[in-house]
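Annotated features, as they stand in Swiss-Prot:
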TRANSMEM  13-33  transmembrane segment
TRANSMEM  41-61  transmembrane segment
TRANSMEM  82-102  transmembrane segment
TRANSMEM  106-126  transmembrane segment
TRANSMEM  140-160  transmembrane segment
TRANSMEM  184-204  transmembrane segment
TRANSMEM  216-236  transmembrane segment
TRANSMEM  253-273  transmembrane segment
TRANSMEM  285-307  transmembrane segment
TRANSMEM  318-338  transmembrane segment
Amino acid sequence: MKRLSFLDRYLTIWIFLAMALGIGLGFIFPSFVGGLNKLQVGTTSIPLAIGLVLMMYPPLAKVRYEEIGRVFKDIKVLILSLVQNWIIGPTLMFILAIIFLPDKPEYMIGLIMIGLARCIAMVIVWNDLSKGDTEYAAGLVAFNSIFQMLFFSVYAYIFVTVIPQWLGMEGAVVNITMAEVAKSVFIYLGVPFIAGMVTRYIFVKVKGKEWYEKVFIPKISPITLIALLFTIIVMFSLKGDVIVSLPLDVVRVAIPLLIYFVLMFFVSFFLGKKIGANYAVTTTLAFTAGSNNFELAIAVAVGVFGIHSGAAFAAVIGPLVEVPVMIALVKVALWFQRKYFGSHSM
């Protein structure tokens, strides 16, 4: 069985350490915070914007866009994946946000953003560890990357502004426009998306696919973690005013996230098995639906609502919960393989 890299395996610990470092910097060196506040254009923090774009670039440079045609070969599986990723996932997270955070509309938004952002990076890792279908996973990642580029802003507007109004949840309504979200999506997803596609096209053509995937990609992969931790340090250095309530708030946000990741995985796995997909495709569907693009959720939450917002804070909790849960679910998937698929699983 493949092993998770040292950096990825302890990602939750690195995030906690980054939070602590950010909080410490904010209290011990207030001049550090003052310096960060000066590096802004309007409401946009320049260091944070750079960190967020860099965080998104390696995952999008890894995407095998040429594999997207694979997802159209089995329409039944494609429809199931679309339903799981773009109907069940966002709706489930919306419901959980309402149930667990009715008095915290900004935290609700952070959760909703996580539910809307379909995974395009770590899902490849979980899929490999659980012996999923590598090429099909690559196709779904490519498909979801393009789908998010086109429709994320529409989804965000519907789930954050329109549906709460329909349900009469006036206290939870946050008025945003599709243009606001689209602007952040373009900056934090569009720019690295274009850069990733161009990078892949040029280097594969000049140096070859094997060099690109075995030499170039491993070299740029750590950028995502470094940029993520940098982003968290900056965010938490500016949040000294909420430190006292931080532990309780982390737990309140973490509980619905835990329920979401577990439910999405199990529901998606058994739906895949129900339609007759083999183990490799079934587990790929389950991890694609069950994991999320927390980098995009953080970026959009910061871009639209600001670095000090509850939405940005809630989005940061996403990877804290997701990583250890997904590591556990990899073991569950391999147990399901032995129990339900046997020797004919691949």
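Heads up, the Cβ atoms here are built off N, Cα and C, so glycines get one too.
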Return yes if the transmembrane segment (82-102) and the transmembrane segment (13-33) have at least 3 CB pairs under 8 Å (sequence gap of 6 or more), otherwise no.
no
Given a Cβ distance threshold of under 8 angstroms, which distant residues of the chain, six or more beyond its ends, lie next to the transmembrane segment (318-338)?
1, 4, 8-9, 11-12, 15-16, 114, 122, 126, 129-132, 228, 250, 254, 257-258, 261-262, 265, 269, 279, 283, 286-287, 290-292, 294, 297-298, 345
Quick one: do the transmembrane segment (106-126) and the transmembrane segment (13-33) reach 3+ CB pairs under 8 Å, ignoring pairs fewer than 6 apart in sequence?
no
Most CB pairs under 8 Å with the transmembrane segment (184-204): which of 13-33, 216-236, 253-273, 285-307?
285-307
Answer yes if the transmembrane segment (13-33) and the transmembrane segment (216-236) have at least three CB pairs under 8 Å among residue pairs 6 or more apart in sequence, and no otherwise.
yes
With a Cβ cut-off under 8 Å, give me the same-chain residues at least six positions beyond the ends of the transmembrane segment (285-307) that come close to it.
43-45, 48-49, 52, 55-56, 59, 77, 80-81, 84-85, 88-89, 106, 109-110, 113-123, 126-127, 130, 132, 137, 140-141, 144, 148, 152, 156, 176, 180-181, 183-185, 187-189, 224, 228, 231, 234-235, 238, 261, 264-269, 271-272, 277, 314-316, 318-319, 322, 326, 329, 333
Give residue numbers and ranges for long-range contacts of the transmembrane segment (216-236): same chain, 6 or more residues beyond its ends, CB-CB under 8 A.
7-8, 11, 14-15, 18-19, 21-23, 25-26, 36, 45, 47-48, 51-52, 54-59, 61-62, 121, 203, 207, 295, 298, 302, 307, 312-313, 316, 319
